[in-house]
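Engineer: One structure, as structure tokens, below. Some questions next.
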Amino acid sequence: MADLEPPIDTEKLNDKILCYAQTIYRLNGVWEGPDPLTPIIPLFFVQISLAILITRLVMFALKITRQPPFVAEIISGILLGPSALGQIVKYRRQLFPNYNFHVIETMAHVALVFYGFLVGLQMDIKSVLRIGIKARNVAVIGIIIPFVMGAILFFSLYRDEDARGFIFYGGALTVTGFSVLAKILDKQKILQTDIGKMAMSSAVINDIGAWFILALGYVVTGSTTNIHWAVICTIAYALFCVFYLRRAIGWIIRKLPEGQGYSEFFVCSILGGMAISGVITDALGTHPIIGAFLFGLSVPNQMLQAAILDKLDDFVMGFLMPTFFVVCGLRTNFRAMGSIYEIVGYIILFVSAKILSTFAATFFSDMSIKEALAVGILSNTKSLMALIIIEAGQAQQILNTQLYSLMVTGILVMTVIVTPITMLYHPSQELVPHKRRTIQKAKVEEELRVLACIHAAHDIPSVINLLGSSNSTSAAPITVFALQVVELVGRASSMLEVHTSGKRGSRSLGHEEAQTRQIIAAFDNYELRSDGVMVQVLTARCALSTMDEDICNIAKDKRAAFIILPFHKQRSLAGEMEDVNPEIRAVNESVLANAPCSVGILIDRGLSETSDYAKNIVVLYFGGPDDREALAYALRMVDRPDTRLTVVKFIPGEGATDIDPMEFAEESHVNVHIDKESEKLLDEEFLNRFKISTANDKSVKYIELLLNDVEEAVNAIKLMDQHNYDLYIVGKGRGIVSPLTAGLVDWCDCPELGAIGDLLVTSEFDSTFSVLVMQQYVKPIGDGSVNSYGSMSERIGLGMDMDMDMQRADSEAGDVFSSFRRRPEHMPRV
């Protein structure tokens with residue numbers, strides 16, 4: 001009789017009653033019978049193992065094509081179904097018999113319930129309200145037009161099926177996979193481009209719209225006489241979850257002891273609540289996946305979300321979800337789709353739906369045709385949500401095998417073509433070139449654009465203190481981009497959020513929201529009490545591994561000339577510098593290595609607690625591009641009537657031992673092109689111009705110290721504590737070959753601060769002050785190293801005719817000296 005077993009009939013799997021032996025597992029091994037795969041549990045384990053194996057093999061095969069894992073998962077399901085391996089009779093009878101289909105289908109829907117819960121945990125509904133109008137228009141039109149086109153295509157294929165199937169067909173075309181698109185754009189390094197941001201922002205709204213369409217589809221197809229009650233009750237339960245359940249869970253979390261994490265009992269209770277929520281929505285007429293999704297949205301605490309994700313994500317996505325792709329593959333049959341010409345024609349129409357919608361959006365938004373085409377192609381990226389919608393229609397017996405298989409093929413093709421097209425896309429350069437990448441080159445009459453990074457609330461006072469010291473005026477304005485950098489504790493995709501000042505929100509705020517509100521209030525206050533200041537507060541949510549890349553990309557996008565980074569240590573009550581977040585140190589080091597502009601690391605040793613801004617500033621000058629940048633920034637601070645600036649130049653004496661520049665560069669691992677003579681000429685020119693421009697300024701004092709060794713330099717710096725300086729500004733010291741600093745390099749606890757910055761942070765000082773360690777941006781050259789500030793022709797000119805070069809420099813407005821009165825007087829050596 002086994003030879004007469006019929007092949008899998010996907011048309012009748014949902015309504016045919018199959019008789020089989022109710023054997024869950026074998027009691028006495030293979031000794032009781034010849035077929036070890038007859039029982040349900042062993043067969044299911046073999047099926048899921050085979051699905052995982054095939055998926056991994058397909059992923060490995062597609063690795064060179066850079067396709068997202070979603071593509072490999074669809075292909076693996078199809079390979080296991082009747083379109084490929086399922087045509088082998090022995091394989092089909094042995095591994096995927098008809099009687100076992102309901103088992104694997106049940107496990108697939110269990111996987112979907114957990115998946116819906118995880119998606120709800122990671123989804124931020126509030127981010128939709130902060131999406132720009134242009135992206136919002138693209139998203140809304142990207143839902144309406146594809147849905148209408150999907151409905152039209154459904155009725156063009158409609159025979160004797162249920163007419164309600166247009167909801168699932170149209171819904172599948174509206175989906176833009178946010179998570180899948182993020183992976184594609186990140187691999188192609190175009191996530192931070194305008195096109196990438198537009199596509200990602202619209203995908204957020206598309207994701208929410210897809211869940212609404214899925215719920216509507218379940219409601220409409222689940223009942224014919226009580227649809228109105230199903231709709232009303234589902235909406236009421238969703239509102240209950242948003243306004244009451246979320247607050248109740250938040251209240252319970254606040255009652256838990258702090259610092260003890262979340263117990264297994266509490267996490268399991270959350271999962272039990274998810275299951276009950278699924279039962280409720282199923283009873284209301286939708287599906288348990290909707291209830292699990294709503295319950296996930298109701299979990300307000302980010303740390304709890306992370307704890308649940310860490311426990312569930314790998315198990316659900318790695319073990320359970322392959323069963324869903326197997327079910328999708330078993331339902332797909334290419335032979336039932338029709339002729340190849342019809343298939344190609346319909347797939348072209350599927351692809352054109354999103355592109356036509358973005359073209360339509362150009363009538364409502366300021367977007368070019370080229371941008372619309374790019375966003376439309378990216379929006380064709382599908383995700384698991386599209387498969388869930390189309391599978392729901394098939395499971396509800398609304399879509400036949402032809403309609404289902406055709407849409408699955410379209411979802412696969414639409415996602416596959418996105419990656420090769422993005423590989424051909426090369427984003428154009430900025431319309432406004434990013435030229436002012438350093439403070440030294442910035443024109444005084446132009447705005448100084450500063451990116452100030454904030455990791456926690458304790459960083460706010462010191463950063464605002466430094467910005468307040470920068471002396472902004474209407475003639476020399478400062479634009480500050482206050483960037484709150486938040487580490488993603490879950491596995492959601494990165495997101496950049498722009499905040500609006502003065503916006504009121506909910507009274508019950510989470511930790512991150514309360515901190516954001518505090519940052520906005522602090523910088524609003526700074527903007528109001530300052531002249532010539534414009535502030536924009538942003539929040540970047542990103543993984544720790546990509547935090548430095550996001551900071552650099554935002555600095556480049558905002559055309560910043562200066563990045564302020566908080567130090568990873570903070571002054572304790574006892575006066576010692578203690579680690580606050582050691583992981584920030586690696587982020588700062590990576591930003592220093594890859595920044596598109598100058599960078600300053602700010603260390604607060606108590607100044608922000610005693611003063612609003614620095615009034616007594618000192619620059620320790622040893623030479624080199626970083627020290628020139630430090631002095632250039634200090635010069636912006638001296639126009640305040642109560643501010644004093646002291647510049648101390650350290651000069652090696654006759655007894656100092658000369659240092660080989662190349663040996664120093666090799667030992668300190670500094671990848672900077674060192675030209676000792678050129679750097680010396682540049683330093684002399686810069687200091688001469690500084691002396692002339694500040695000759696009659698009583699608030700500026702210049703001192704030269706002639707020292708013989710490192711010990712004398714260290715003692716001189718420690719003695720400066722007697723002068724009660726508020727702010728020490730020093731260069732990091734790349735390219736410095738002074739014998740007064742070379743000996744300190746090997747003893748640095750924090751090499752990212754340089755020798756002098758590390759000395760100021762780790763040494764014992766009685767006074768309270770801040771330290772700013774500056775690194776000037778230098779343009780990369782072909783061999784991977786970097787060149788110091790100034791071209792070779794400028795260096796030669798300096799050496800040939802210093803006086804002529806000085807006159808030419810004084811005539812230019814594009815430097816930090818143009819705001820000072822010039823006097824042909826030379827300051828005496830002190």
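Including glycine, each Cβ sits where the backbone N, Cα and C put it.
What TrEMBL lists as transmembrane segment is 40-58, 70-89, 101-118, 138-157, 163-182, 203-221, 227-245, 265-295, 315-334, 346-365, 371-391, 403-425. According to TrEMBL, the feature domain 'Cation/H+ exchanger transmembrane' maps to 52-422. Positions annotated as domain 'Cation/H(+) antiporter central' by TrEMBL: 479-610. Per TrEMBL, domain 'Cation/H(+) antiporter C-terminal' is recorded for 617-778.
For each listed feature, how buried is it and what is near it?
Structural biologist: Distant neighbours of the transmembrane segment (40-58): 23-26, 72-73, 75-77, 79-80, 95-97, 100, 103-104, 107, 318-319, 322-323, 325-326; these residues of the same chain sit at least 6 beyond its ends, with a Cβ under 8 Å from one of its Cβ atoms.
For the transmembrane segment (70-89), same-chain residues at least 6 beyond its ends with a Cβ under 8 Å from one of its own Cβ atoms are 7-8, 10, 50-51, 54-55, 57-59, 61-62, 96, 177, 180, 321-322, 325-335, 382-384, 387, 405, 408, 411-412, 415-416.
Long-range contacts of the transmembrane segment (138-157) within the same chain: residues 131, 163, 165-166, 169-174, 176, 198, 201-206, 209, 213, 346, 349-350, 352-354, 356-358, 360-361, 364-365, 367, 375, 379, 402-403, 406, each at least 6 residues beyond the stretch ends and with a Cβ under 8 Å from a Cβ of the stretch.
For the transmembrane segment (163-182), the residues of the chain that approach it from at least six positions outside its boundaries are 68, 70, 142-143, 146-151, 153-155, 191, 199-200, 202-204, 206-207, 209-210, 213-214, 216-217, 220-221, 350, 353-354, 378-386, 389-390, 392-393, 398-399, 403, 407, 411, 415, 418, 493-494, judged by C-beta separation under 8 angstroms.
Tertiary proximity for the transmembrane segment (265-295) is limited to same-chain residues at least six positions away from its ends with a CB under 8 Å from its CB atoms, namely 109, 112-117, 119-120, 211, 214-215, 218-219, 222-223, 226-227, 229-230, 233-234, 237-238, 241, 245, 249, 256, 304, 307-308, 311, 388, 392.
Long-range contacts of the transmembrane segment (315-334) within the same chain, counting only residues at least 6 positions beyond its ends with a Cβ under 8 Å from a Cβ of the stretch, are 8, 10, 13, 47-48, 51-52, 55, 73-74, 76-83, 86, 96, 101, 104-105, 107-112, 114-115, 118, 384, 387, 391, 394, 401, 404-405, 408-409.
Residues 70, 74, 112, 115, 138, 142, 168-169, 171-172, 175-181, 184-185, 194-196, 198-199, 202-203, 206-207, 210-211, 213-214, 217, 289, 321, 324-325, 327-328, 331, 351, 354-359, 361-362, 399, 404, 407-408, 411, 414-415, 417-418, 421-422, 425 of the same chain lie 6+ residues outside the transmembrane segment (371-391) yet bring a C-beta within less than 8 angstroms of a C-beta in it.
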Engineer: Summarise the model's confidence over the domain 'Cation/H(+) antiporter central' (479-610) as a mean pLDDT value.
Structural biologist: 79
Engineer: Decide whether the stretches the transmembrane segment (346-365) and the transmembrane segment (227-245) have at least 3 CB pairs under 8 angstroms, with pairs required to be 6 or more apart in sequence.
Structural biologist: no
Engineer: Counting only residues 6 or more past its boundaries, what in the same chain has a CB within less than 8 Å of a CB in the transmembrane segment (203-221)?
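Structural biologist: Residues 123, 125, 127-128, 131, 135-136, 139-140, 142-143, 147, 162, 164, 167-168, 170-171, 174-178, 181, 227, 230-231, 234, 285-287, 289-290, 293, 379, 381, 385-386, 388-389, 392-393, 396, 398.
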